[in-house]
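According to Swiss-Prot, the active site annotation covers E131, on the basis of sequence analysis. The Fe cation binding site annotation in Swiss-Prot covers C88, H130, H134, and the record cites sequence analysis as its basis.
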Amino acid sequence: MSVYQVITVPNDILRGKALPVKEINAGVLRVLDNMRDTMYAADGVGLAAPQIGIPKRMIVVDIGENLLELINPEILKQEGNQLGSEGCLSVPGIVGRVNRAKKVLVKGLDRNGQELNFAAVDLLAKVLQHEIDHLEGILFIDKAIETRIEKL
């Protein structure tokens, strides 16, 4: 598979709204595979397709449990609050404190076109919200209560 260069701010593609995937085909599966490889190579926990220059509604997430691939993901419900630090592969060197829902109900398709409906809490909920925000052209720095430069 291929490892893509992650697009960073101020690239306009990060501010656009991603388009729904209409058909799951070999090209979509290849993009998911490349997103996975890119996320792991960058030592990230999540990646959205716009971050590699593809304005489609696809994300990959792995917080150390299992790889989760979602096509056309949606957050159906949010509960509670959690305030925590976030960073982003597309906003290198910046960390911010962001208030997110503690629990989310998410719907999307897996790579086989099967619909997934599941609840996520804590870190997984935070990462899913962060990645789905990317599909709307929203970056964590837009929601951050405060930000700081992190020395690399």
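Glycine is treated like the rest: Cβ placed from N, Cα and C.
Neighbours of C88 (Fe cation binding site), defined as other CB atoms within 10 A of its CB across all chains, total 25. What surrounds the Fe cation site, by Cβ distance within 8 Å of the Cβ centroid and not counting C88, H130, H134, is the set G46, A48, Q51, E86, L89, S90, E131, D133, L139, F140 from the same chain. Packing around the residue listed as 'active site' is summarised by its Cβ count: 26 other Cβ atoms lie within 10 angstroms of its Cβ, all protein chains included. Under a cutoff of 8 A between CB atoms, and with a sequence separation of 6+ in the same chain, the neighbours of H134 (Fe cation binding site) are L14, A18, A48, P50, Q51, I59, S90. Annotation for H130 (Fe cation binding site): same-chain Cβ neighbours under 8 Å, separated by at least 6 residues, are G46, E86, C88, V98, R100, F140.
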